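A short worksheet on the structure shown next.
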Amino acid sequence: MQKSLILFFLLLFTLRVSAEDGYRLWLRYDRITDESVRSGYVDRFATFRMGTGVDSSSATLRAAIDELRTGLAGMLGTNLAPARGAQKSGSGELTFARVPADQIGAEGYRITDTDGGLRLSASDDAGFLYGVFHLLRMVQMGESLEGISIEEQPEKAVRILNHWDNLDGTVERGYAGFSIFNWHTLPEIIDQRYTDYARACASVGINGSVVTNVNANALIFREDYLDKAAALADVFRPYGIKLYLTARFSSPMELGGLDTADPLDPAVMAWWKEKVDEIYTRIPDFGGFVVKANSEGQPGPREYGRSHAEGANMLADALAPHDGIVMWRAFVYNSDPDADRAMQAYEEFVPLDGTFRDNVMVQVKNGPIDFQPREPFSPLFGATPKTPLLLELQITKEYLGQGTHLVGLAPMFTETLEADTYQQGKGTTVASTVRGLAGVANIGTDRNWTGHPFNQADWYAFGRLAWDPAMSAEAIYAEWAALTYDGEPEVAQTIVDMLIESREICVNYMTPLGLAHQMATGHHYGPGPWVSNLGRPEWNPAYYNRADSNGIGFDRTESGSNALAQYAPQVQAMFADPKTCPPKYLLWFHHLPWDWEMQNGEILWDELCRRYQEGVEGTEWLAARWQSLEGKVDPERHQQVTQYLEVQQREAKWWRDASIAYFRSLSGLPLPEGVPEPEHDLAYYKGLSYPYAPGIQPQW
Ligand code: BDP
């Protein structure tokens, strides 16, 4: 009896440890089951050797070797051992070779087949680390190493995650639990998660982490908090990741007791200089600051009649002797009811071009408003030739279902990166105008890091695109799916199709035809196109849709706000005429009558309703695709994703029905064929309230 109980618990335990809980992300390193494939790799990875000039005792090299040995032990069941004696060809040896920086630049690497062995060449430690992750990825994906000659160099120098994490452990717009950074127990308690986080980031080339919220807290600069930050930096360092902090502009007052934070005040400058010096004594490779100033209630230089450049430059001067940088956010707008919010960042920052210090970068959100399911690219890209810019993307899904909807963001990221600004002539893509990419992280304490299992794919995609913005969304997701799920190629292909299609599906059920910011108050979660009572005009969905009995849409042409004039003439030409403007941006740039005839011959009202319906049908398609994988992927994640898809289907209907109910109350037109009557009346949708939806911010 006792024996069988023990056996029962043993079995339970085995089941538990082998269950796919998603913690390992895409670094699963499970045993390769195809024996011929496995033995091919075994022959390749018998030993490793450090060439001259490679410091195998450096923390980064040790991390790289550890990762390689762990990965190969898992996948091949072998123990990669250091080589002894002279090098023999054909012996399955992996050689680390240091080369001069003029051969392979910073963080780059080359992998070549050397007659049965492999050579990994790099000019710095980070290059070796990235090369190791590349090799591991190839083995994970079962790719042949025969005759390979691969050379990789990151396209962008700044590849950074922005955590909107607060010191109390909450995450602004976080939907996967609490912050992974436990400020209370740092610096002594070093959670294994910190290392695993760094490994995951490094595996996709992320080389920076801003660990605090842009809505910043001056407390981070207190000595004890700096010690905590330093402990995190120590964990990140071997993985090539620099730590950055957000700087609250009023810190000299709140923490330093000064009576001003005026950037031109000598005492303020001295305070920052001293604080920065103090940070560098603890974190010698500290990356620098991210600053949200004079935006949504955050303090900034404008309070003292100083410009954003004067504010940024003061901090930049304090950081410059240490090679630190300032990432100054362009996310600013005021509450002038007559202004078009979409124009304000450009108006504020273009005149400042050329006045920033060399170590300042201006961080610009992908669209001119705020991380909507779809926006055209921000007109700032390419418009400040003397000021380096960073592209800020939101990986956390604040406006795309808040973490419960399956929406692959890579198609949205690539849409922006590939967009042609025409600022320096044809081919001036957004990607070509930026120095790096910043991604607002979607990571939290949930066991699988991101809540919805598919949200991991966005973290992965962000890193890969920061490394190489020319990668296609399909190629990235093909990697992620193959690394994250086992099974026949059909499994990965289905997952890729779902991720690729899902973004347009979401746009359709939330904000079709160029609508934006239609989310309800506070939670940014469900629909609220009728909302018009918020304190600031540009927080109201009605401000954005401008719908009335005559029509819908925001006129940003010459007859309206003329935001269009902020773009290059070629871009203006694409969007200026509603007859030729791509439908996906139609209502972003144009206010049109309900019976406007679309390019496909439909009237606008019918087309709008159909798009909502298509979005809902898209969620049903997603669920059916996933259903087809039952029994083909692990049951744990299959069930989890199935449940999330149920939420998404229900909420897509809510979006469709609430939006149609409201807009019909204005258009007075009948529903086109194939679009069902909303389940409830408008009053019902208006009455819904979700005070405890995650990520609610009391201030907006
Ligand atoms: C908005 C979020 C808010 C952020 C802000 C920002 O709602 O929580 O603080 O962006 O980027 O989208 O600063």
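Cβ coordinates are placed from backbone N, Cα and C, and glycine is handled just like the others.
The following features are taken from TrEMBL:
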- Glu296: active site, proton donor (ACT_SITE)
- Asp370: active site, proton acceptor (ACT_SITE)
- Glu398: active site, proton acceptor (ACT_SITE)
- 25-135: domain 'Alpha glucuronidase N-terminal' (DOMAIN)
- 139-449: domain 'Glycosyl hydrolase family 67 catalytic' (DOMAIN)
- 450-674: domain 'Glycosyl hydrolase family 67 C-terminal' (DOMAIN)
Whole-number Å value for how far Asp370 (active site, proton acceptor) lies from the residue listed as 'active site, proton donor' (Cα to Cα): 12
Neighbour tally for Glu398 (active site, proton acceptor), based on other Cβ positions within 10 Å of its Cβ: 24
Cα separation, Glu398 (active site, proton acceptor) to Asp370 (active site, proton acceptor) (Å, whole number): 10
Average model confidence [pLDDT] within the domain 'Glycosyl hydrolase family 67 catalytic' (139-449): 97
The domain 'Alpha glucuronidase N-terminal' (25-135) - residue tally per DSSP class, helix then strand then coil: 39 helix, 24 strand, 48 coil
Which listed residue (Glu296, Asp370) has most other Cβ within 10 Å, given these are active-site residues: Asp370
Reduced DSSP assignment, the residue listed as 'active site, proton donor': coil
